[in-house]
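What follows is one structure encoded as structure tokens, with my remarks underneath.
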Amino acid sequence: MEEIQSQSDNYRSSSSSASSPSSRVPSSNFFYLRKPGSLRQPISFEDSPDWEDTDIEVRVEEGGDSINAATTPASPSLSKLNSGSLPSPPLPEGAVVVRKIAGASVVWKDLTVTIKGKRKYSDKVVKSSNGYALPGTMTVIMGPAKSGKSTLLRALAGRLHDSSKMYGEVFVNGARSHFPYGSYGFVERETTLIGSLTVREFLYYSALLQLPGFFCQKKSVVEDAILAMSLGDFANKLIGGHCYMKGLLYGERRRVSIARELVMRPRILFIDEPLYHLDSVSALLMMVTLKKLASTGCTLIFTIYQSSTEVFGLFDRICLLSNGNTLFFGETLACLQHFANAGFPCPIMQSPSDHFLRAINTEFDRIIAMCKNWQDEHGDLSSVNMDTAVAIRTLEATYKSSADAAAVETMILKLTEKEGPSLKSKGKASNATRIAVLTWRSLLIMSREWKYYWLRLILYMLLTLCIGTVFSGLGHSLSSVVTRVAAIFVFVSFTSLLSIAGVPAQMKEIKIYACEESNRHSGALVFLLGQLFSSIPFLFLISISSSLVFYFLIGLRDEFSLLMYFVLNFFMCLLVNEGLILVVASIWQNIFWSILTLVSIHVVMMLSAGYFRIRNALPGPVWMYPVSYIAFHTYSIQGLLENEYTRTSFAVGQVRTISGYQALRSAYDISPNSNSKWENLLVLFLMAVGYRILVFVLLQFCVRKNLSARRFFRCNWDTNNP
């Protein structure tokens, strides 16, 4: 304790600007955004919700510029400091909204989360945390990098990774944690949006995927979400996000990702880093918008790393973490007083959040070590002399023995002694509706983004034009058989290799699926069927255009039925390719490794397809069994050659003729059976189905877990992006 006291005294003396007790608590100008009005006030420690009176009536009067909420009066202790309202974003003229929103409280008691092997000093990421969040308030979880902010948020939402274990209890409305579908929303730090859709289109399709009922009913829900997140000026603007499609700024995209969850009108909204990568103006606009949302009765719980003074003044409660330990939980002004009582008052000209992180972030010890023997000429670094570990222990010990911690325990007891109204599921859209919506949405996306299929169509046309001109004018003589086999092999192999250009688009589809599936907006089967149905028109357009160019330039047999088989065979080949791409992309979830793997697979399949060496002559253990039977090139080329040479004959001399089968025996191994080409087509179809089934298994058991694990560990261990 002598060490702690000496360090505290040292830091207190170095903060000369905060030497007087009156200066340790910031003046009310930190909260200048709280203008006079009748906005709902934060509920203090002394208040306990009355479950029979939890409905909040919100009315926006015509021509009004603020939201009035009929609620229980605020605590007298806070009304003196926070007696104001926030200006609301402009509403359409004549708009009158009357809505009752039932509140939902969240309480966590002795919450501990462990992850084996991920911390050198401890496997506990969150240690015995206590706290609560009430309807109509914003509760922020703050702390430096690796403090356990995102882990605590995920534990409250029930979204921890399988490798972690949670101890303790979480209560919702006084009952043990249970979040039915649609009762809560969770917004990731980094979400995948669809850049080729407008904001209104994106939210409308999200509503169709999430909500049951008629289409017309969902339009009002979408408009409410747009209004709630102040996106009216951008509703008809493309989301963008690509180098060739600028679209919205990052702050606007963050609000769109939040609006997607608001479509369900959740009672509780969890947001991981709402200010991630936002500048000061965008951050303030985001928090003002969230404050307006909280005023309707929604319970907001989110994490934050750092904030400006203006943003800090909008928080109702703060949970301060460091290395998994709770250093404070309570109202924002009480946190400032807590630091002052512990001997670390906030200087007048410093942001409160900067001051908190300065005191508890262990990374500052590295700065102290660097500056130990050096100071600038003005001595500005002379105050950087505090041991962070001592400060953390001081703050933790002070909080445990403070009246704030006792008030939290009292409030938790009041919130859990009586069960309130249970949250109810809002119902889901049917699978048939989801498949139809995903199919139509994917068709719209593919038609707008050139990198999906339009670029591939151009590349296929150029490639087939090159192959056709190189092998043009072959004729139908016996001497052209070997060259014609080479032309068909090159066509199938090179066009299949060119399909790898679709890897980035397929990777994006998988990320969109993982993002939507994490909130149960979609499913593996729904995604696969929607993606398949939407890709069929584009694949068929590629197959028929490329087949026509190649077929007539090469001069294959001029029969309509043979041409249609050629088109159908190539179409099935493209379907198999799409399935193979989805399988590899689902396994790696990385563009570079996916492309490298696909190129290697295609090269191996080309070697075993029976062209470079007849299939029967291939080495048996590996190349013939199983590689040549796995390679779809084998069945596609064999089917096309049988389509061209079955039931044909060639004259040898003046009296002798040989069949097309005999002419091909030395160049390629085909079957003399006229129905064999249909058997090869059936094998291609079964391969396409088999790859889709394999993708379904990977999506169900691998993709979701891998992406959530990466997101989970990135949120907790990434020191470069706190």
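Backbone N, Cα and C atoms are what each Cβ position is placed from, and that goes for glycine too.
Note: TrEMBL annotation is automatic and uncurated.
Marked as compositional bias 'Low complexity' by TrEMBL: 75-86.
Residues or ranges marked as domain 'ABC transporter' in TrEMBL: 106-348.
TrEMBL lists 1-27 (among others) with the feature region 'Disordered'.
Look at TrEMBL and you will find 62-89 (among others) tagged as region 'Disordered'.
Under 8 Å from some Cβ of the transmembrane segment (453-475) lie the Cβ atoms of residues 446, 483-484, 486-487, 490-491, 494-495, 498-499, 501-502, 535, 538-539, 541-542, 545-546, 549-550, 552-555, all in the same chain and six or more residues away from its ends. Residues annotated as transmembrane segment in TrEMBL: 453-475 (among others).
Per TrEMBL, transmembrane segment is recorded for 481-503 (among others).
Annotation comment: TrEMBL describes 524-554 (among others) as transmembrane segment. Within its own chain, the transmembrane segment (524-554) is flanked in space by residues 431, 434-435, 437-443, 446, 452-453, 456-457, 460-461, 463-465, 467-469, 471-472, 474, 484, 487, 491, 495, 509, 513, 517, 563, 566-567, 570-571, 574-575, 578, 692, 695-696, 699-700, which lie at least six positions past its ends and keep a Cβ under 8 Å from the stretch.
Taken from TrEMBL, the feature transmembrane segment applies to 560-584 (among others). Here the transmembrane segment (560-584) has Cβ contacts under 8 Å with residues 492, 495-496, 499-500, 502-503, 506, 510, 535, 539-540, 542-544, 546-548, 551, 594, 597-598, 601, 632, 636, 639-640, 643-644, 677, 680-681, 684-685, 687-688, 690-692, 694-695, 698 of the same chain, all six or more residues outside its ends.
Among the features that TrEMBL reports, transmembrane segment is placed at 591-614 (among others). A Cβ distance under 8 Å defines the sequence-distant neighbours of the transmembrane segment (591-614), meaning residues of its chain 6+ beyond its ends; these are 485-486, 489, 493, 496-497, 500, 503-504, 507, 580-581, 584-585, 623-624, 627-628, 630-634, 637-638, 668-669.
Sequence annotations record features per position, and here TrEMBL assigns transmembrane segment to 681-703 (among others).
Note on the transmembrane segment (481-503): residues 452-453, 455-456, 459-460, 463-464, 467, 470-471, 474, 546, 550, 554, 556, 570, 573-574, 577-578, 581, 585, 591, 594-595, 598-599, 602, 606, 609, 611, 632-633, 636-637, 640-641, 644-645, 650, 663-664, 667-668 of its chain, located 6 or more positions outside it, place their CB under 8 angstroms from a CB of the stretch. Long-range contacts of the transmembrane segment (681-703) within the same chain: residues 510, 513-514, 524-525, 527-528, 532, 565, 568-569, 572-573, 575-576, 578-580, 582-583, 586-587, 589, 632, 635-636, 639, each at least 6 residues beyond the stretch ends and with a Cβ under 8 Å from a Cβ of the stretch. In the predicted structure, the domain 'ABC transporter' (106-348) carries a mean pLDDT of 88.
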